[in-house]
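Here's what TrEMBL has on this protein:
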SIGNAL    1-20  signal peptide
REGION    377-409  region 'Disordered'
COMPBIAS  390-409  compositional bias 'Basic residues'
REGION    489-517  region 'Disordered'
COMPBIAS  502-514  compositional bias 'Pro residues'
REGION    540-575  region 'Disordered'
COMPBIAS  559-573  compositional bias 'Basic residues'
REGION    625-653  region 'Disordered'
COMPBIAS  639-653  compositional bias 'Basic residues'
Amino acid sequence: MKMRSNPILLAVCLLPTLYASPLGDPALQVPLEDLKSSHLQASSPSPRLHGRFLHITDMHPDPYYKIHSSTEEEDACHRGKGLAGTYGAETSDCDTPYSLINATFKWIAENVRDVDFVVWTGDSARHDNDEQIPRTADEVLSTNRWIAGKFQEVFGDDSNKGLTVPVVSTFGNNDILPHNILLSGPNRWLKEYTDIWRNFIPEEQRHGFERGGWYYVEVIPGKLSVFSLNTLYFFKNNAGVDGCALRSEPGYEHMEWLRIQLQFMRDRGMKAILMGHVPPARTNSKELWDETCWQKYTLWVQQYRDVIVGGLYGHMNIDHFMLQDSNQVNLLTEDDASAESTVRATMDEELTIESANDYLEELREDWAELPNPSAAIKEFENQTPEESGKKKKKGKKDKKKSKKEKTLKKIGGPWGERYSLTLVSPSIVPNFFPTLRVIEYNITGLDTSATWAGKQSVVATEEKDWLNEEPFLNKNNDEASIEKKLMGKDKKKPKEPDFVIPLPPSKRSPPGPAYSPQTLTLLGYTQYFANLTDINNDDAVPSNALEPEDDIDADKWQPGKHKGKNPKHKPHPKPFQFQVEYDTFTDPIYKLKDLTMRSYLKLAHRIGQYQPQKGDSIEDFEEEIFDDDSDDEVEADKNKKKHRKKKHHKQHEKNKVWLRFVKRAFVGTLDEEDLRTFEEDEVLVPEFREEL
């Protein structure tokens, strides 16, 4: 699929063509080769930094869930007879029984209390999917209040009024009524959540939260903040607002607040993690955010790439990542916003196996276009930013740019600064298997005794006054510099965008922790899942009335693997536990050195290869899920070089990295038949011809 072309407006002209020079304090650049994942053990919290935090999302507690009820749409695990298990009906569209919520928090209390902070990315109310029991505002608020109380129980202090570690919360599209629709604040919903999260939101930011639903917490005082974004103001399905281009819209105001606070972080020498419910998912044909919001967000994270550590989101239920490409920033003025917003269709709110097939394939098509960064980056990997920033004298043979240099230019230099990374965690609600994630980060050089809890009684969180700030033009945006940047084929001066464009990092600034391994860089994560098929321990009796399976419609209710089945016996579940699904530290397939951008650029490139590189083919790796029976497949001759064009071909999938990416997206719930739907799609395969 070809990329959409857009006219280049002023904001793009103002983007720096040179990326941050990798110069800086070598003391901050800590070698990570010897750092290993620590095993999580049950113990009481201690007042020091541990270098890890918990990310949990999309719990969707359902007070009406009934064990051994039917998973069919008309019953929704509320009525009838079926195989809805004690801890949930995995692979169905049913919501979460309270038993699963209670068991999850009990497991957290016993195994992962020693974290530095918690990221909770919303959707803590059931879906409105049962016409016989419609949701009410009181129910939505009640379940959210209950979940907030569970965090208080696990992470509360001795008085049970405060917290031992900060919990950073946000609401999802199902945490309001009607779902998806949140009007500009102040309003009742924002006021209610200000009260529900009174122990989570810093006191001095509660007034601002009532206005817009956003805030941040200094989880490591003076070093690291976590920003809770109200993504409902960016969400394309929120019919109550209209994007981020108009000054009258809350999305515009939200982006202004974010810009000002990120600048405040930069001025204080701090770093920031961005988190929210709805991620900035965007492919060539569909998107979750309004385009004007995606454009601003992508520009913001590009310009503040020296500050931002990473982005963490939920909502989509599937385990994956996405790359925001700053070269696609085409910032819009008010006049252009409405035309652009119709280019991409609205993505499904929450992906099923069927709708995810197209979405993941589109991601793969984009990643297939990435240049191979491995060879170009290799020579820089063992250098500090200071060393790699030194310019080498060029001889006559080096006048022309090498292939490596061209590759580096395409990805934004040796650190991949053209792109930014978003990590999307799978959910607790058992549309697949319940999942949570513990992420580790580098605390080398930090005072491990300087914790959030220890500072609460000493100093309050600062927040930059943003409501009274007057708009200003960046000093880099003066007319002379604009005219200079506009020199070229198109000399027509574009319109000036109606907002402040953030300044990029100083040219002498080192690359940020999202790019160069250093203090606060995300090192990796361990993903835990609960195998409900095993834990529920239900034997099924197929229904005599079961009809042949029809083709599954992605837009319809999914009854899951328990459709038409009845239990043989009364519930007798096994002891509940989470177990490790995988961790990025030891994973032999992803081979992620850390969670920096260049690690993910390498992974994305490998996933995107329809003709896998050496070591990534199923033939090179023996594993039970990869059954290579493609004897009739036509392979490209090894001696043929340089593809001239691409054609659509049906082929049996050979890339084990892609298949593992798909399997993990659905937390291992796909059987081999489901996996084959991702293997047998029509894909773009380069056609090779011999050079004359």
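Note: Cβ is positioned from N, Cα and C throughout, glycine not excepted.
Counting same-chain residues at least six beyond the ends of the compositional bias 'Basic residues' (559-573), those with a Cβ under 8 angstroms from any Cβ of the stretch are 67-68, 70-73, 81-87, 89-94, 533, 535-543, 545-547. Secondary structure of the compositional bias 'Pro residues' (502-514) per DSSP (helix as H, G, I; strand as E, B; remaining residues coil): 0 helix, 0 strand, 13 coil. Note: the compositional bias 'Basic residues' (559-573) comprises 3 helix, 3 strand, 9 coil (DSSP; helix = H, G, I, strand = E, B).
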